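Chemist: Pasting a structure below so you can have a look.
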Amino acid sequence: MSGKIKIGINGFGRIGRLVMRATMLRPDIEVVAINDPFIDAEYMAYMFKYDSVHKTWPGHVNGSKDGFLVEGRKIHTFTESDPSKINWGAAGADIVIESTGVFTDIAKATAHLTGGAKKVIITAPSNDAPMYVMGVNHEKYNPATDHIISNASCTTNCLAPLAKVVNSKFGIKEGLMTTVHATTATQKTVDGPSKKDWRGGRAVNGNIIPSSTGAAKAVGKVLPELKGKLTGMAFRVPTNDVSVVDLTVTLEKATTYEDIMKALKEASEGEMKGVLAYTDEDVVSSDFVTDPASCTVDAKAGIMLSPTFVKLVAWYDNEWGYSNRVVDLALHVAKKAAVKV
């Protein structure tokens, strides 16, 4: 036994592939199986190796009809549409990363347990699964009852650490969030049908598209003290990766912008190091491609109108930062549950 935590990935899309890349950079976790009904092993290898945003994987990757090999290690591959038919147990996967965007509630995600998985982490918000954000409420994870959990969204992972620090130090009376969000796979390259979201059906290139997001309200689930105090919306913009949160809040306690930045900087160097980061340089979005932090506070971009009314700005690589938190959460779950350590 290698001593590494063994995980499986269901859905080899943007997050699935980047979660795998993130595990390759860690000594204590490895992917042993991948399921995707739309991709064979040869195509998996190609999609893993070449990435338009995060560049070519520098190591050895090979895919054939016989399997998918990374750095000489064979990855079990499945092409099942029904998650209950995936033999995770035979592949040795104890924790499954559910990254299809389809099986996002407890009833659907529980199907992975039938195949031998012990725990499931959903890489999307869930209506009923407990939601955990690293650096915010992950210590509340209960291995005895939490078999299916959610890692929330990339935007919630950026917003929640920021809101936690500000609320704990100065108190948030109420606030509005806007995320200027990079393109995602659900958007269209040319105008097309989108019955539930007409504006979302417009071409991604050449448009700034207003959109809804539950990210701000979801903060109330991981930080109950902020329930009902935050809401927000999104603008989808034609960039490949990296998004930015604008959090505008009314504070309970009068303060200065400098003191807020001091509190955030201290948190980034202390209890939230690795999750929350801080910069006072003249940065732009591309500077954060493949940045592993959930949230990087931009000290120069924020503004304050009065001692209790402030706009805070924070960057996040909505793909790579989030994928690293998925891996962190899997390691935390394994540690708490003592899964094959």
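Cβ atoms are placed via backbone N, Cα and C, with glycine included.
Copied straight from Swiss-Prot:
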BINDING   ARG14, ILE15, ASP36, ASN318  NAD(+) binding site
BINDING   SER153, CYS154, THR155, THR184, THR213, GLY214, ARG236  D-glyceraldehyde 3-phosphate binding site
ACT_SITE  CYS154  active site, nucleophile
SITE      HIS181  site 'Activates thiol group during catalysis'
Chemist: Sort out the sequence-distant neighbours of ASN318 (NAD(+) binding site) for me: same chain, 6+ apart, CB within less than 8 Å of its CB, listed by position.
Modeler: CYS154, THR155, CYS158, HIS181, ALA182, THR184, ASP241, VAL242, SER243
Chemist: For the D-glyceraldehyde 3-phosphate site given as SER153, CYS154, THR155, THR184, THR213, GLY214, ARG236, which other residues of the same chain have their Cβ within 8 Å of the site's Cβ centre?
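Modeler: Same chain, not in SER153, CYS154, THR155, THR184, THR213, GLY214, ARG236, Cβ within 8 Å: THR179, HIS181, ALA215, ALA234, SER243, ASN318.
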Chemist: As a test of the contact definition, list every same-chain residue at least 6 positions from ARG14 (NAD(+) binding site) whose Cβ is closer than 8 Å to its Cβ.
Modeler: THR184, ALA185, GLU319
Chemist: Do you know offhand how many angstrom separate ARG236 (D-glyceraldehyde 3-phosphate binding site) and ILE15 (NAD(+) binding site) by C-alpha?
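Modeler: That comes out at 18 Å between the alpha carbons.
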Chemist: If I restrict to non-local contacts, at least six residues apart, and a C-beta distance under 8 angstroms, what lies near ILE15 (NAD(+) binding site) in its own chain?
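Modeler: Spatial neighbours, sequence-distant, of ILE15 (NAD(+) binding site): SER99, THR123, GLU319, TYR322, SER323, VAL326.
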Chemist: Where the distance is taken from Cα to Cα, which of the binding-site residues SER153, THR213, GLY214 turns out closest to ASP36 (NAD(+) binding site)?
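Modeler: Checked the binding-site residues SER153, THR213, GLY214; minimum Cα distance to ASP36 (NAD(+) binding site) goes to SER153.
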Chemist: Within its own chain, what residues at least 6 apart in sequence put their Cβ under 8 Å from the Cβ of THR213 (D-glyceraldehyde 3-phosphate binding site), listed in sequence order?
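Modeler: SER153, THR155, THR179, HIS181, GLY232, MET233, ALA234 - these are the non-local Cβ neighbours of THR213 (D-glyceraldehyde 3-phosphate binding site), listed in sequence order.
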Chemist: When DSSP is mapped onto helix/strand/coil, what comes out for ASN318 (NAD(+) binding site)?
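Modeler: Assignment for ASN318 (NAD(+) binding site) reads coil.
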